[in-house]
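First up is the structure itself, then whatever we jot down about it.
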Amino acid sequence: MAPGSTMWLLGYIFLCFPVSFALIKQPKPETPTDPGVLHCRPWNFKFTINFQNQETGSSPVLVTWDNQGRLHRLQNDTDCGTRVGEGPGPSVVLEANYSSCYVTESEPYYVMLVGVEEVDAAGQNLVTKQQLLKCPMHLPAPDAGLCDSVPVQDRLPCATAPISQEDCEELGCCHSSEEVNACYYGNTVTSHCTQEGHFSIAVSRNVSSPPLHLDSVHLVFGNDSECQPVVATRAFVLFLFPFTACGTTRQITGDRAIYENELLATREVRTWSRGSITRDSIFRLRVSCSYSISSSALPVDMHVLTLPPPLPETQPGPLTVVLQIAKDKDYHSYYTMDDYPVVKLLRDPIYVDVSILYRTDPYLGLRLHQCWATPRTNPLYQPQWPILVKGCPYTGDNYQTQLIPVQEAFDLPFPSHHQRFSISTFSFLDSSVAKEALKGPIYLHCSVSVCQPTGTQSCTVTCPIDSRRRNSDINFQNSTANISSKGPMILLQATEDPSEKLHKHSGVPVHPGALWVAGLSGIFIIGALLVSYVAIRTRR
């Protein structure tokens, strides 16, 4: 089966039984005309902005919001990991650690909302401007292995000495205080945008396996002399070229100008009458620099977009999918065969997990198509009740199914192998006029498919689905194989009938013989009282 296509390997499984900011009550802040310059460091934001108020002469203040929507003035705060200081000229520099009180993790970015508070003509403090700072959570900065693996004789200087370790690492380079070349390139691709409007791209031969032939690395659209590497050694090749040359494209988006170019390594191909081979890696690299048009020429950010790794080879084979019921909403444990039948009251939640077993391929995805319930093991048995329709909660239920996002965790390394949802327990009604509740088990059925690669359109479902396509009927696809598992059942405990409830609270049941004894005793007592009364009257 070809990669990228949906693999309809499994059919039916049967089992018995943001960054959000609070609204501030003040005029809506504007986006500043000068958005400032943001540097995404390996450990923090570095944000430089020129915001001197020329009209009032007052000194505006940088502010931010916590996750409760409360406003805070930014200052030097060790506990919250923020530092505010003067920059060049009339600018202010903010540094905020990614672990700061005001930084939120919004995969795959660290984000922080920053505002400018000024005094208006009436003397009121107002937040007049705001800027959302966003840095990737995983910067392409070299780790220790990429740095230590570069032999001393192969180290290519990344910056001229002297340079601090902080400034060196900000360039994405390695630092060693023991070597002459204290700041050098690691065994990776290191790219940055210069203030003068140039791309700087260093490529290590060990960025791929097998190693690259560096003499084959070139700019896709650049053949001029200025597009050739400025430095070429046996271990590295360095390109330095302006945005106005070498086929660089320019695109204006809002207040930003985005420049892009592409590097490519030519593969050596051997051909004979019966075929062709190559022993070279595929290397294609797209880089982009983003600049603010209205501010200075400092780059706003830099992106290196490499090709995704090739999809794994696929071949036919067994694949196991299981449907389990969790004991709690956190999915810490599941009911086993020995735990059934599981008794549930009406409206009790049932937490369902459908997962692929015994696979470690991160590109596999699991997709739920239809899920429904029947009072028998037969999935075609009537009556039926839809739970998921085309992967989305059935909208005709007043207790709608809740889709539960699956996050990567230590005990859940492949979240794409799982689909989770919760339902509220219910009881089927018979077809009579009285609509009596059917006591007994409820059986849950799902149709699923395993798809590849995860994250593509064939592997994802967007809810709510188009109303024109919404249909509660259960449709079986001819290309889907059907399998069933006769599992244990979930018994639904019926609600008490009012007459049963009255009987339940009327006291301990009385034997009929005891009622006769009590009656005769009462007659004798009444008779004795009458005789005593007559005797007393006679004496008088």
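Using the three backbone atoms N, Cα and C, a Cβ is placed for every residue, glycine included.
Copied over from Swiss-Prot:
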type     : residues      : note
DISULFID : CYS371-CYS446 : disulfide bond
DOMAIN   : 145-187       : domain 'P-type'
DOMAIN   : 192-470       : domain 'ZP'
CARBOHYD : SER296        : O-linked glycosylation site
CARBOHYD : THR306        : O-linked glycosylation site
SIGNAL   : 1-24          : signal peptide
TOPO_DOM : 25-515        : topological domain 'Extracellular'
TOPO_DOM : 537-540       : topological domain 'Cytoplasmic'
TRANSMEM : 516-536       : transmembrane segment
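DSSP classifies CYS371 (disulfide bond) as strand under the three-state reduction. Mapped onto DSSP helix, strand and coil, the domain 'P-type' (145-187) counts 13 helix, 5 strand, 25 coil. DSSP assigns CYS446 (disulfide bond) to a strand in the three-state reduction.
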